[in-house]
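> Handing you a structure now.
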Amino acid sequence: MSPRRLLWLLAVALPVCLLAAVMLGAVRLPALDVLAVLVGRADGMDRLALIVRQLRLPRALLTALVGALLAICGAAMQGLFRNPLADPSLIGVTAGASVGASLVIVFAGGVAGFVGLSLVSLGAFAGGTAAVLLVYRLATGPGGTSVATMLLAGIAIGALAGSVGSLLEFYADNEMLRRISLWRMGGLDGANWPRVAIVAGVSAVIFFVLPRQADALNALLLGESEARHLGIAVDRIKRRLVLLTAAGVGVSVAVAGAITFVGLVVPHIVRMLIGPDHRWLLPASALAGAILLLVADTLARIVVAPTELPVGLLTALLGAPFFISLLRRRREYGL
Amino acid sequence: MLQVEGLTLSAGGRAVVETVDFTLAAGEHLAVIGPNGAGKSTLIHALIGDLVPTAGSIRLAGRALADWPVRERACRVALLPQASALNFPFTVAEVVRLGRGPHASGTVADRDIVTETLAASDIAHLRDRPYTRLSGGEKQRVQLARVMSQIWRAEDAGDRLLLLDEPVAALDLGHQRLVMRQVAALADQGVAVVSVLHDISLAARYADRMLALRDGQTIAAGTPAEVVTAERMQCLFDTETRVITHPDTHTPVVLHG
């Protein structure tokens with residue numbers, strides 16, 4: 001498939017998925033009424049307008065933004081680490097965020113949050129970014145940042161965070177345990193407009209800056225010294241990529257918990273379709289990530305309505321078999 | 001064009017290259033020979049700015065190498081590495097196009113250059129194949145095409161330097177010749193070349209001058225006929241050889257003793 005064609009397809013599919021996500025749910029809303037509300041002509045449809053404006057629309061937008069952030073950050077990480085199997089959790093974001101969230105749940109259960117973000121979200125964001133900064137510091141010596149050391153440091157920090165998490169669970173009571181495990185599964189049920197605004201702000205920066213690193217990422221795939229020989233300021237680019245992906249994944253973990261597989265699988269699917277050129281891969285991954293998470297979240301809301309499944313459970317359920325088939329087919333895919 | 005004076009390079013407190021001197025004019029080809037661990041690759045990496053000299057200086061077009069902005073330097077100096085880490089399925093043409101990265105010559109010109117360098121490396125038929133599926137020798141020729149596209153046009157940069165670290169190690173006899181002739185064609189257009197070669201006879205055939213290193217010390221420097229003698233091969237490689245003169249090219253040929 002030509003990259004241009006895929007981008008067009010995705011750009012058309014995204015609004016369709018957004019509309020479907022707003023229409024479908026415990027109560028099914030007619031498409032025309034939803035469109036009427038969205039363009040501001042909701043006379044005599046107060047209840048429907050309330051559902052759309054206060055519940056479905058912020059949730060759909062948050063879902064799309066988080067999906068796009070996870071996928072574009074995953075694509076950038078895989079390029080930076082020159083490893084098609086890397087994902088942001090590899091440098092400790094998810095593990096750190098999990099410890100941050102668990103700490104808050106166990107020690108500060110009832111404390112109120114801040115502009116629409118619960119204290120648990122803030123704990124997750126702080127934990128995630130702290131882990132990345134620690135990994136980055138560990139891997140940076142006088143001779144620059146070693147990507148291989150970053151991977152190892154990420155594994156070490158992940159293991160450390162895992163055992164701290166287990167320790168916290170050991171001391172937690174039943175109610176706390178349930179909240180911790182629900183957080184781990186991820187979910188977008190906390191969506192509200194302030195959260196959408198925060199994520200949109202971070203996304204705007206990332207969607208603007210990351211695609212501008214596409215040429216550098218392409219050169220980095222050759223190897224770090226080869227990229228330097230092609231005139232790329234490698235250390236500056238690496239620092240920029242690590243900070244951007246940490247912020248992107250950190251904020252999405254903070255508002256939606258640990259949603260697995262989007263950052264890993266989406267760039268893979270896109271690469272299989274159009275190749276590894278980051279000039280196309282980054283925007284196409286962002287669009288495809290938004291679509292995948294919208295589909296997964298809509299399914300999560302309707303399969304067991306009126307309650308809902310955690311969306312992280314669905315992305316893993318959809319993603320794991322795909323990933324296994326990918327591992328089996330990696331030879332023919334050229335890896 | 002390239003002046004190297006008293007160049008000393010150290011790693012871990014030990015001198016790997018010691019007080020090496022040479023100058024290279026545009027269009028000249030210098031072949032560096034010597035046993036494993038003699039400092040040949042280290043020298044090459046210093047010439048592209050990866051290593052900072054402990055002592056001595058490297059000047060490119062009259063300006064110290066370290067003073068060149070990385071991008072401007074990348075328009076002038078290209079290095080073909082011994083091995084490549086690329087494991088993403090770029091097509092061959094995409095890999096070669098990466099060599100145009102430092103230039104702002106436009107898509108149309110870049111596409112022509114990619115086509116020309118692919119043909120020069122005899123891989124035009126592989127153009128749309130994924131790099132990851134190629135054989136070792138094919139990959140080597142793709143990397144050569146990428147490096148050549150980086151310094152292909154005289155109009156992009158006047159002073160151009162091509163560094164080759166064992167460019168023919170993975171190639172069959174026919175492609176060794178093809179690659180060396182292509183390098184010679186670039187030199188004819190004014191590109192200065194420094195190569196590391198293990199095949200002494202091949203080096204003597206294509207290089208204008210040779211530099212023999214052992215333990216980082218210059219053992220000999222000069223024309224191939226001056227450098228390649230049986231005594232010197234004994235001194236460099238600690239093995240018996242016989243050196244004869246090629247009946248057609250009149251360059252020295254090393255035979256196993």
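Heads up, the Cβ atoms here are built off N, Cα and C, so glycines get one too.
Found this in TrEMBL, in case it helps:
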TRANSMEM  A:60-77  transmembrane segment
TRANSMEM  A:89-108  transmembrane segment
TRANSMEM  A:114-136  transmembrane segment
TRANSMEM  A:148-172  transmembrane segment
TRANSMEM  A:192-210  transmembrane segment
TRANSMEM  A:241-274  transmembrane segment
TRANSMEM  A:280-300  transmembrane segment
TRANSMEM  A:309-327  transmembrane segment
> Short question: most Cβ pairs under 8 Å with the transmembrane segment (A:192-210), which of A:60-77, A:89-108, A:114-136, A:280-300, A:309-327?
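Highest pair count goes to A:60-77.
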> Does the transmembrane segment (A:89-108) make contact with the transmembrane segment (A:309-327) through 3 or more Cβ pairs under 8 Å, each pair 6 or more apart in sequence?
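Taking Cβ pairs at least 6 residues apart, the transmembrane segment (A:309-327) and the transmembrane segment (A:89-108) are not in contact, as fewer than 3 fall under 8 Å.
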> Among the recorded stretches A:60-77, A:148-172, A:241-274, A:309-327, which has the greatest number of Cβ pairs closer than 8 Å to the transmembrane segment (A:280-300)?
A:60-77
